[in-house]
Amino acid sequence: MIDITLPLTDIHRHLDGNIRAQTILDLGRQFNIALPAQTLETLIPHVQVTSTEPDLVSFLTKLDWGVKVLASLDACRRVAFENIEDAARNGLHYVELRFSPGYMAMAHQLPIAGVVEAVIDGVRDGCNTFGVEARLIGIMSRTFGEAACLQELDALLAHRENITALDLAGDELGFPGSLFLSHFNRARDAGWHITVHAGEAAGPESIWQAIRELGAERIGHGVKAVEDRTLMDFLAQQRIGIESCLTSNIQTSTVASLADHPLKTFLEHGVLASLNTDDPAVQGVDIIHEYHVAAPAAGLSREQIRQAQINGLEIAFLSDGEKRALREKVAAA
């Protein structure tokens, strides 16, 4: 189902949600950190979703073991490098990796700006080694409150030239976007693109707020948009992209089943929706699974899957020239 003549992208992919189980085991042993299991086979149920979680917050706890072993900046650098290696193995030409530096720093009180620098270094080394193009999106983890998000923002702004966009993720219901208006004003002043997790746990009003008040150019997940016809029209007319993550939305119980997922409806409505993974290591999936298994199960035709692939580059945070160069590179391969 993947069109090999077109660039393959993943623009909603959490770096800190893609820490390999083997790496968790390795770093746990290196830093003498107590883990819930001592072999790869027995560790996987603790760090990977093996059945549907009751809600988003329950799903997010699966990510915690990955960041609990980040006891040094070198460990952060390693997982960033491995994220690019994983992208290359999946056949991705372009990836936007998003990460929450405060979340990664928290367990071992690492310097947040140091985490940002380590991630930048690891991703750069990975791109040079594996030939994948990547951009970084900084996340503010709303779950930890406004002050913690301000610390993350300051750390990201210290490396603003290496960050492409700002995102807001975490507990959407408990910490609405309205709490973070000043944060996003600073991000836009820095010249960053804006994408926001919205309409995943909360309703379409959360998406409207992200667009109108935070300046979102893309929406992460956005499944509740289908509940508001005016919003659907607005998304299509204003070319505001939707970063769809099929398997993730089932695992978080955001959507009941793949057959119920709104991605097909988005595409039929002319919304620029794309296919992405979200947290590959935690979910136990990759981009190939999303195209070959999840998308057909969600009712997408071959042409709709191809359109989602086209949309992935169309709404990527790249210049028109960069998009054209990537298309030409893939076509010539």
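Note that the numbers count up from 1, one per residue, in the order the chain is shown.
Placement of Cβ uses the backbone N, Cα and C atoms for every residue, glycine included.
Going by what Swiss-Prot states, the Zn(2+) site holds H12, H14, H197, and the candidate of D86, D121, D278 recorded there is D278.
For E200 (active site, proton donor), the Cβ neighbour count at a 10 Å cut-off comes to 23, with all displayed protein chains included. Same-chain residues that are not part of H12, H14, H197, D278 yet have a Cβ within 8 Å of the Cβ center of the Zn(2+) site turn out to be R13, G17, R98, A169, G220, H221, E243, C245, S248, N276, D279. When the recorded positions H12, H14, H197, H221, D278 are screened for a Cα within 10 A of the Cα of G170 (substrate binding site), the ones that qualify are H197. Taking the centre of the Cβ atoms of H14, D16, G170, D279 as the substrate site, the nearby residues of that chain (Cβ within 8 Å, site residues left out) are L15, G17, L60, L63, R98, F99, S100, Y103, I139, A169, D278, V282.
The subset of recorded positions (E200, H221, D279) lying with their Cα within 10 Å of the Cα of H14 (Zn(2+) binding site) consists of D279, given in sequence order.
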